[in-house]
Every structure is written in C-alpha cells, then in structure tokens.
Amino acid sequence: MKRDHRDITGATDYSSGSGSRADSSSIGNSIKAKLWEEDRDAGGMDELLAVLGYRVRSSDMADVAQKLEMLEMVMGTAQEDGISHLSSDTVHYNPSDLSGWVQSMLTELNGPPTPNLDPVLADSDFNSSNPQHRQRNQSRVFHDDSEYDLRAIPGVAAYPPPKSDPDSDSTRKRVKTSMSSSGPDGDGSGSSFSSPQENGIPGTVTESSTRPVVLVDSQETGVQLVHTLMACAEAVQQDNLKLADALVKHVGLLAASQTGAMRKVATYFAEALARRIYRIFPQDSLDPSYTDILQMHFYETCPYLKFAHFTANQAILEAFATASRVHVIDFGLKQGMQWPALMQALALRPGGPPAFRLTGIGPPQLDNTDALQQVGWKLAQLADTIGIEFEFRGFVANSLADLEAEMLEIRPPEVEVLAVNSVFELHRLLARPGGFEKVISSIKAMKPKILTVVEQEANHNGPVFLDRFTEALHYYSSLFDSLEGSGVAPPSQDLAMSELYLGRQICNVVACEGMDRVERHEPLTQWRSRMETAGFSAVHLGSNAYKQASMLLALFAGGNGYRVDEYNGCLMLGWHTRPLIATSAWRLATTESG
Amino acid sequence: MVQYHHRGCHRQGNHETVGENKEKRPKFFINDHVDILIEILKRLDCRSLCVAASVCRLWCTIARNDSLWENLCFRHVSPPPTSVRSVVLALGGYKRLYMGCVRPVRSRLGRARRASWARDEVQLSLSLFCVDYYERLGGSNSNGRVVGESSPSSLMFLCKPVNV
C-alpha cells in the first residue's frame, strides 16, 4: 500500500513539471536529515514516506491517498493543455507536506470545493453546470447535453441535489444496501461521516481495505453502484436509451472501484444492460459442450448442484424401494454427474441392485459428436465396475416439448418403475407458450412413480422488466457472495468458470426477450401451483435427504453460510437468509401408493 | 515355544557362547507372529497406521493391506453388508476411500458430528468416492476444449484447506 503511494506521488510529480520536483528534493533532503535526528515516532509522521522526504501524518494517510487518487483521476481525464497551468502558473509551496500540497493542487484544478459535490465525477465526466470550470478552460469529456439528466439517479450518486451538508449526510446514512458489499463490513460507516472530508469521493480501496476510514467509501460506492444500476434499469424500462447508455458507462466506472463479488456482479449486470441497450443479443445457442464445461466447474466450486443431485437421488431411491427393474429419464443429462451416486446406492441396496435403465436427453451438439453416447458409455463402465445391470439410451432434442412419451419406450409400471428427473430444465419451457403444459402432459402419459424437480428459487419471470432486474440483482449477488465465501482460492480457474456460467444466466435474464429468454426462474410456490394444477401431488423429501444435504454442506468451506431449510416437504438450499435453489418431488395424484 | 526348543536342539554342535546367547535372546519377537501383529495394527488410527508403515518392510506390507483400512472406514459403524466390499474394491480400494473421502469428511464434520451420523458419513463418503471414480474414467472428450488443464475433480473441495 505504501508503495502505491510512492508510485502515485512519483507520477504526479513528473506530470506537474520539473519545477516542483527540484523543490521537493532539496527541501526533502533537509527534512530528511531532521527526521532522522528526531525520534522514530516524530509527531506521528509516516516513516517510510519520511525516508523519501515527504511528511505525512500516519493519521492522514488515507485522506492523502484519496486526494492523490482524485488528482490522478482528474489529470488522467483532462485533455491536452488542461493541466499545463499546473507546471507554468501555479506556485507550489512545501511539496513535502503531501497533504497540503495535494490539497492545493486539487484546489487549482477544481476551484474551491463545494460540500457534497463529487468533484471527480462532476468535473471530469459530467461537467454540467459548474461555471468555474468553464472559466478555467478545462476540457470536458461530455458535452453538456440536457438529455444526460443525471438527476434521474436517486440519492446522491452522480448529481447530488444542492442540499445542505447534514441533509445529504443523513440521507447517505439512512441508505441501506440490501446487497452485501464486498470486503469487510462497513461498520464504521456511521461514525466516519463526521470526518472532515469535503471531497467525499469514493476512492479505490483495494490497497487500503484494512483501514476503517476508507471502508466507508467502498460501501458508499457500493450503494451508488446499486442505485445507478437500478436507475439504468428504470431508464431501459422507460425506453429512455440515451440516459440508460450514460448510466451504464457510469456503472462501469463505479464497478471498477469495487472489489470481490460486488464488482463481478455489477460488471455482469452492466454488460447485460449494455447488450439490451445496444441490442447486441448474446447467442444462447452456443456450443452446448462449452456450457457443460462451465457447469462442471460450477459443480466443483459450490454445493448447489451437488445438493440438487443428492436430494433428488434420495427421493428417487426411496421411490424405487424394492423394485427389481428401474428406469430413470433425465431431462438434462449433461455430463451425467448425478447418476454415479444413485448407481452406487442402488448397488449397495439391501437385497441387491435392480436392473438400471437410463434415458438421457440433451441438446444437439454443434460438431455432431454424440455427447450423450459418450456419457452413456462412461456410465456403463461404472455400472460394470460396481456390478449393476445397465442400459442407456440417449435422445437429442432441441426442446423438451419436442418429445413424446411413445418415443421413450416406457415399459408398463408392473415391469419397470419409472422416475423422471429435471434439474434446472423446466423453467426453460416457459419461454414457449404451451411448452410446459405439453411436457407435463407427456410426463403424465409416462406414468412415473416420482418426478423430481430442482429449480432456482427466484422470480425472474415477472412481466415487468424492472422487477425482474431487481430480483435478479439480489439473487445473483447472493450467489456470487457464496462463491466468494467458499474459500476456493487456488483453483481460480474453477471460480472464474463458475462465475462465467452464472454470468451467462445473468445476460439471458436481463438482455434477452421472448423465446430467447430461457432463464425464466420461478419460485417454488409458483411451481407448486403449476404442478398441482397439472394433477401432481407433492412427495415429502424425508429426513434422510435432509441429513445428507446438511452433511454435504458442512463439508464445504463456506459451510457456515449455507443453509438447508425444509418447506412443506421440499428442501431449499440458501446462502444465509436467502434461499437459492429448491428441490421438490411429485407423484401423480391419481395413482395408488405403492 | 516350539521354535525355541528346536533351536535348542540344533545348537548342540555350536559354540559355547550360545548358552549365554540363550538368555540374552528376546523371548518374543513380534515379527514372528504376523497374526498378532495384524490384530494390533487393525486397531490403530490412521496416523499411527501410516507411521507403522515406515517401521520395516513387513509392517509396510501389512499396513498396505486393504482390510486394515476397511476396519478404519467402518470403525464406529455396525458391520456393513458384504456387497460393499466388492463395490469398494472395484472403485479403488479401502485405503483410497479412507484417505480420499472418509478422513476429510470426518475431519470436516468435526465438532458438528453426532454418533448416529457415523453411518451416514460413510454413505456420503461412498457416494463421493463413486463420483470421483466416474470422473477419473473420463476420457479427453469430456473435457472438450480444456486442453492441458488438469481435469476437474469433484473431490477437490475436500482437499482444500478449510477456513473454519
């Protein structure tokens, strides 16, 4: 951190001309001598900088850091001769007193600082109405366009209302972010507002995250980030694309100053919004094997998929009971990761394993390889190893609605017990009107003993875009938080791929519409009513499933954050207080039990 | 004791100092009684067993025997059905099961464990073990474009140090 300070000061020194540098070094030498004579703790001056010849109080360090960053931002965004007056006209007094010097530099560039104005944002990007800037002939990045009415951003994000000090401060204090911001808790937020920071700029905090004072700004930016995202979504909702465009860029700027989960979520949402604005829609029909790979990494880094598989398997196992021939239809086979565990449990069943038949359904592959057959072959190898009679059939289908029950060669229930399994597949059917109904009726025609459904617990299918956006923002923030908290640091590729997997979902939820928007997640209550309308009744997942799920979660590094909850016989896995996925099991309401 | 007597008989033509050696010679040498050795090693915990494996070649061979590890896996659990053994051996053996799954599972669940969950722990370990075997089966096709990278392992989350 201190190294960064030195680098920044070095950079600004060079850019502001040679005059001040010569001054500082000569002054610096004499001061340096003085400091070495004095005691170590010479009036609270930072020692490392003192060696270089700069006097900065340790207590002022964060403040100075911020100001230097502001200075750098302003200088970075100024064009051509914008700052040449710094080298020729300005007089620099005592540059070794970094705090005072930086303050005077900023004053030179910005004019007298006004309370609650974000000078960096207002000056370098959105020079709307500050007359002093025009006087100083500073180049503006944006031309004053009244359409960029940033008053749209609620709160004090970019264009703070000209209120008095205490009002805005209290507004900021009261604003609570419902997303957990990345990094340490901003518990010092309340008290730090009293610090005399006239230029309340959110600074980059990556290097200073251990200092409580700077934390405030990180959360401050976090709040602004959320507000800006919401404002952008609202602009998109109202079809005000110019404003949305400006806001999206602003989001990018704010997101860069965040760290961790917040940054990633904001980046993905910003990208999705940009795609929606510019109408560059992502191709959802990309290589399915690529999606599979991403999902594999997601499988490894966090327990969601494992939870889904284990709980569904437990329900299927209990439904199979003592049957001698069993058949499972998997609506999304992918890499078949769910089935080894089921096969192992069947193999060790008291009374011996049944004959196991698996029908896997998957999308067509772009390079015409038969991915389904490869998975089937692997599973067959496993079955052979553990001694189960195994049969596999793969079906390629663009959509589940294309399937008919007759195609699947269902054998009568007296001969073979059937289970249908769907993990994160049913919500895609909602994109096509009538798709879900068709599939449900096919399932009913198959007469399964049990239907296991795992879905995301979120409401991303509302009619209003803004509502969907808000819901998605909260949902994926929790999800990214849990990824962050899982402590999987070394295999960063896994983490990155998992995030990319989620990022694509985000893109689909936000940027796509109509048939392309396949990530139509709905909460369990809605699924329940759909299933019950269709003639299914719920099967309670037993305590075995709950036990297994709890143990599984305890194994994960972030085990304290994950929570398993039982809700009317269904199991929900969540991160802290937010449920994220739900497993439920269904049987035909009219069948007799047995 | 029979051995000793035999040696006594064969020593008739030996040096006189043999008589003195008779008293200095240990009466009981564990390596001569492999069955007792196995019984003892069977009751050790994992760490002691690994230490024992570095004592001498005989101990090393015995410690590598899968049945010892089977005992470790099912230590606090009522004896499992015999079908388990064939499955586990086919999937890679008890030592692998213990080191890869049972041990991390038990240590992770640590304080949260209850005695009644011992059986479930083993079952969970077996499931994870099976999934791992399945992944290791994977040919190059399953990794698609990820060339040169180590294939994803579903047990990796067990290997990572835990921030408890």
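Including glycine, each Cβ sits where the backbone N, Cα and C put it.
Looking at A:426-430, A:476-480, A:536-540, A:586-590, the range annotated in TrEMBL as motif 'LXXLL motif' turns out to be A:426-430. Ranges compared are A:326-330, A:386-390, A:511-515, and TrEMBL records motif 'VHIID' for A:326-330. DSSP places the residues of the region 'VHIID' (A:295-360) in helix, strand and coil in these numbers: 33 helix, 12 strand, 21 coil. Here the motif 'LXXLL motif' (A:426-430) has a mean pLDDT of 91 out of 100.
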